[in-house]
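Asks: The following block contains the structure, expressed as structure tokens.
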Amino acid sequence: MGAVMGLFSAAQLACCCGSTACSLCAACPACRNSTSTRIMYAVMLLLGTVVGCIMLAPGLQNELKKVPFCKGDTVQVGFDCSEAVGYLAVYRLCFAFTMFYALMCLIMIGVRSSKDPRGGIQNGFWGLKYLVVIAIAVGAFYIPEDSRFATTWLYFGMIGGFLFIIIQLILIIDFAHSWAERWVGRYEETESKWWYVALLSATAFNYILALTGVILLYVFYTSPGDCGLQKFFISFILILAVAVSSVSIMPSVQERQPRSGLLQSSVVTLYATYLTWSALSSSSDDQCNPGLLGIIGTTKSKVGFDQQAIVGLVIWMCCILYSSVRSASSSSKLTMSEHVLVKDGGVHSSMQGDASLIDNEERGTLTEDNGSSGQKVWDNEDEGVAYSWSFFHLTFCLSTLYIMMTLTNWYQPNSSLATLNANDASMWVKVISSWMCMGLYLWTLIAPVVLSNREFN
């Protein structure tokens, strides 16, 4: 039974590759070209992330020491390559994906519709794309580490990772607005008390979780006579959370945005609390940074994942999948996510899995294969692209750099492995990101009030 389900899932994935793949199976669901293409790129990046995780597995470290880039004398550049070979391998793997997405970004500049000759490159040739990434990765593994490749690439990773965090913030704020709009809309349409109870419960749960997190940060990451900077970070994010929550229910804001409220504020507060925890976990002050393993009474490990990095990977994966399948809504212009998300070309029925309701004349062209299955693939970009192809690849390029930094715990190659999780630069990147999260959300609340002559919906 499991094998049958696996084959069916594989058939569904193949169907998203295009009409040629769809002809291989009769049970494939209809899918929009814009969404299926983004899913395939997301799958490619997720597979790369899995390979990166495997490279960090303790059992592979001895085998990785045989790689070409550790052949030179790396001690003279500040560290022993064989001691950090897993992290350096991840640097090179992510370099390959970054170069691939950067190349695709340049190629797709100026594409207006899928009828452009470059449309075939964007939406097909998946096998060739994987081969290109593999070829770049193999070449990167021959770049000697004594050339300071990783040390230089670190700065690209820091900048790219920070920029992707901003994009991730925008997606999370858009998710918060969309979630609240949908549930408030259901409550207004049905007037069912259960939707009202669900709104209150979700809001209360998020706030309780965030408040618990803040209390734990005070308990474990501060001390009575020390850790002044850590106390400031925690207190400041708490003040910002109270401020944005208060602004979200102000009469002037409610007048311009009737569906804004505490649910969005609770989601943003919870995420900002996570970022603050992640920042404090990167502090180089051992007295103020016990780490999660230290909190539960276990010795901190030098090598491998820490818990906040795992949480970061889960949030990243959710954001990537969200951006791949989510269509821009009425709140997307307000949250500035309209450039990241797909513009819905009116194919509401395909999102619901009912292809029979699609109107061919009003919504585009349905391309039917020549096989007996009669499977239809929706090309919703023949009149115009549903999203910026070039900006999409730029987003994935920055996402790869963020993953590189997350998998390696923002490790600086010329530093000691004994201080693997202690990186003050990453601490400031994360804490500033938490402030920006609050600032961006605050802007989505006050922008319609301040710019009253501008339409945001």
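Placement of Cβ uses the backbone N, Cα and C atoms for every residue, glycine included.
Remember, TrEMBL labels are computer predictions, not curated facts.
So TrEMBL lists these for the protein:
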type     : residues : note
TRANSMEM : 6-27     : transmembrane segment
TRANSMEM : 39-57    : transmembrane segment
TRANSMEM : 89-111   : transmembrane segment
TRANSMEM : 123-143  : transmembrane segment
TRANSMEM : 155-173  : transmembrane segment
TRANSMEM : 194-220  : transmembrane segment
TRANSMEM : 232-250  : transmembrane segment
TRANSMEM : 262-280  : transmembrane segment
TRANSMEM : 308-325  : transmembrane segment
TRANSMEM : 391-411  : transmembrane segment
TRANSMEM : 431-451  : transmembrane segment
Asks: Determine which residues of the chain contact the transmembrane segment (155-173) at the Cβ level, with the cut-off under 8 Å and only residues 6 or more beyond its ends counted.
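Replies: Sequence-remote neighbours of the transmembrane segment (155-173) are 91, 94, 98, 264, 267-268, 271, 315-316, 319, 322-323, 335-337, 340, 395, 397-402, 404-406, 410, 425-426, 429-430, 433, 436-437, 440-441, 444.
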Asks: Of the listed stretches (39-57, 89-111, 123-143, 232-250, 262-280), which one yields the highest count of Cβ-Cβ distances below 8 Å with the transmembrane segment (194-220)?
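Replies: Checked against 39-57, 89-111, 123-143, 232-250, 262-280; highest Cβ contact count belongs to 262-280.
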Asks: Hey, which bits of the same chain come close to the transmembrane segment (391-411), Cβ under 8 Å, at least six residues off its ends?
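Replies: Same-chain contacts beyond the ends: 38, 41, 45, 48-49, 52-53, 56, 84, 87, 90-91, 94, 97-98, 101-102, 104-105, 108, 156-161, 163-165, 167-168, 282, 305-306, 309, 312-313, 316, 320, 323, 339-340, 420-421, 423, 425-426, 429.
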Asks: What else in the chain is close to the transmembrane segment (262-280), if you only count residues 6 or more beyond its ends and a Cβ gap under 8 Å?
Replies: 169, 172-173, 175-177, 179-180, 183, 199, 202-203, 205-207, 209-210, 213-214, 217, 221, 230, 233-234, 237, 240-241, 244-245, 248-249, 288-289, 308, 311-312, 315, 426-431, 433-434, 437-438, 441
